[in-house]
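Quick look at what TrEMBL annotates:
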type: DOMAIN; residues: 2-298; note: domain 'Phosphofructokinase'
type: BINDING; residues: Gly10, Arg72, Tyr73, Gly102, Asp103, Gly104, Thr105; note: ATP binding site
type: BINDING; residues: Asp103; note: Mg(2+) binding site
type: BINDING; residues: Thr125, Ile126, Asp127, Arg162, Met169, Gly170, Arg171, Glu222, Arg266, His272, Val273, Gln274, Arg275; note: substrate binding site
type: ACT_SITE; residues: Asp127; note: active site, proton acceptor
Amino acid sequence: MQIGLLTGGGDCPGLNAAIRAVVKRGLGEYGHSIIGFRNGWKGVVNGDLVPLTRDKIRNTLPEGGTILGTARYHPTKENGGIDAVMQVLEQERIEALICIGGDGTLHAASEVAAAGVKIVAIPKTIDNDVWGTDQSIGYHTAVNIATEAIDRIHTTAESHNRVMVVEVMGRTAGWIAVNAGIAGGAEIVLAPEEPFDMDRIVRFLTHRHRSHASFSIIVVAEGAQAVAGSSFEYTTETGKYGEIIGGAVGAAVSHEIAARTGFDTRLTVLGHVQRGGSPTPTDRILGSRFGVAAVDAIVAGKSDVMTALIGEHVELVSLQDIAGKVKTVPTELLQVARALA
Ligand code: F6P
């Protein structure tokens, strides 16, 4: 059997572990051919493919990014996109497709599956907001990177008696902000799940700096928003394509704090640093487990499913059930971040 494989959407550490596992399991265990498509769905539509041999995956486990390349491209949004996908898959005699991606790629995958293609998906995103799985590939590494950055910012914040605002990624969910904030000992964490009130932030900082501290760290997710109708209104700033403008909320928050408190305030936007570099062992293991499970699912005749980490186990969940849903940070975790401020 010929199995197609693609990585779509934003890249992240751990993708190569999943690709490697698909190739090893598919080729080694079952003797199937694995055909990689370059640059996500774009490669499928354009018939841009590369047969994945053992040579291609050698030494890729610790590598960041994706050896297949990726793109933010949705065949379902293009005229005739689905037809082009069907045509290329038929022409190349691809019997099943493994799609590694976040919400956009998985949404496209569910529509392609509905058109009759055998699909098994693997969740990846540093944002960790894919519904149905406890964790997505890339998230663990991103939290590590953000925590290390906060640790470093801590020492310079203290030396200079400054308020340091650190903006991390997270469009619709604040998983990185909340967990890196807790791990890095941030004073305040602002996440999309809970609109923030600038008056309270200013009161808190003023009291803290007057009574017992001379520095503060505020971690803000790029999708955080202010309470509507409050003295400082901030709605996520989006660009031409509806994408969140990185750095915008961090700049607005740090500017407002400096203006209202008079404290020396600085902003650090971690941006794509969080998506680059070598994956942690946890992400290598998760990618490997998902890769093996995806091939096994195809061999077992499953389709329209996604591999998911549920507790200690990798299971299969229905793609149709997760489409359009966002996994946000639970209140209990938000409360822990708040309780430790
Ligand atoms: O996919 C996750 C993510 O890291 C978001 O948090 C961020 O908004 C987005 O990707 C930015 O991606 P790009 O600059 O590649 O479009």
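Keep in mind that glycine also has a Cβ here, set from the backbone N, Cα and C atoms.
The C-beta environment of Gly10 (ATP binding site), restricted to residues of the same chain at least 6 apart in sequence and closer than 8 Å, consists of Thr70, Arg72, Gly102, Thr125, Ile126, Arg275. Across Thr125, Ile126, Asp127, Arg162, Met169, Gly170, Arg171, Glu222, Arg266, His272, Val273, Gln274, Arg275, which the record gives as binding substrate, the greatest C-alpha separation is 32 Å.
In this structure, Arg171 (substrate binding site) belongs to neither helix nor strand by DSSP; it is coil. The separation of Asp127 (substrate binding site) from Gly104 (ATP binding site), Cα to Cα, is 13 Å.
Gly102 (ATP binding site) falls outside any helix or strand according to DSSP and counts as coil. Under the DSSP three-state reduction, Arg72 (ATP binding site) is assigned to coil, being neither helix nor strand. Here Arg171 (substrate binding site) comes close to Asp127, Asp129, Pro192, Glu222, Gly223, Thr236, Ile244: these same-chain residues lie at least six apart in sequence, with C-beta atoms under 8 angstroms from its C-beta. The candidate set comprises the binding-site residues Arg72, Arg266, Arg275. Of these, Arg275 has the most other Cβ atoms within 10 Å. By the rule that a residue counts when its Cβ sits under 6 Å from some atom of ligand 1, the binding-site residues Tyr73, Asp103, Thr125 yield Thr125.
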